[in-house]
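Copied over from TrEMBL, here are the features:
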{"type": "COMPBIAS", "residues": "335-345", "note": "compositional bias 'Basic and acidic residues'"}
{"type": "DOMAIN", "residues": "1-87", "note": "domain 'PH'"}
{"type": "REGION", "residues": "327-351", "note": "region 'Disordered'"}
Amino acid sequence: RFFIIKESFLLYYAESEKRSFESNKYFNIHPKGVIPLGGCIVEPKEEPNMPYAIKISHEDFHGNIVLAAESEFEQAQWLEMLQESGKVTWKNAQLGEAMIESLEAQGLQLAKEKQEYLDKLMEETEELCLQREQKEELERLNQVLEAEKHRFEEVVRELRLEQEQIRRELELTARSLKGVEEEKKELRSLTQSLQKTLEELSLEKQQMLEMLEENERQLPPPTSPSKEQSPIWGLHCSLQQIEAKMQQLLEEKLLAEKRMKENEERSRALEEEREFYSSQSRALQNSLLELTAEKQQTERDLKAEVKVRMDLEKRLREAEEALQSLEQGLNSLDCNKEKEEKMKADVSNLR
């Protein structure tokens, strides 16, 4: 047997308990038996084949208890300790049975609580595994969202470049339209001027014709002077010059009208081109706004996912710390009220 003195009681165990006690120094609350030492007589005893024997006797015992140490020095130590422990009163010794029952009840309660803690640990372990899976899924989703965000940014950059190109083309078209409008104004002014000149020449031609007819009626046919020196010939020459000038002005007018028509067609084409580029610009602007809104939503989603992940990581760390604390408490055989309260707090935190 392996013996331990606890206050005024001598507790004994199987011999194998000695190695466990020496390794972890924990007090086992389930002895094989308890001997109350209060009022006992402890003295050395000589026994055949049993050196260093110790006898414990009491008037209420049925027979004596004989123990043996392994050396004379240990015998002296045990005698001193047993005699000191035996100085307590018998009243205190009678508390031994109550102490055993209390220890057994406490042991059963601790075993029950340990099993409950183990069950809760299993549940929390499964929950932690689920949270780790959720964390991995969040990380995967985060990578997907990051890739989507980069794609959006690339599309936005391309749209901005295209929008800038369209803006430059619109400015060029606007300048071309402005030049065409100015040329149209000049051609219109030139056409009006030519029309006015044509009207004046037509009037002058009409006057010349009237004068020519008048001269032909009044003057007799020439006999001696040459044809070139007659007034009628001069009027004919002026008339021819007027007609030639009118023909030239008419051609210039037709050319100006042709150029005006070309300018109007060019102006319409430029206007259509400007309208096309404007619609393209509006469409790109709308696409850019939609992509910007989608990008902002993606960034908000990313921030929310990161926040959730950080919260999960924090909860995981707290749960792992609580699990470690619980495991230490469950592995410890030295249990007191303070440790029980701490373990209950850990369980509440895990829940």
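Every residue, even glycine, has its Cβ placed from backbone N, Cα and C.
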- Note on the structure: Secondary structure of the domain 'PH' (1-87) by DSSP, residue by residue, totals 22 helix, 33 strand, 32 coil
- Query: Mean pLDDT over the domain 'PH' (1-87): what is the value?
  - Reply: 88
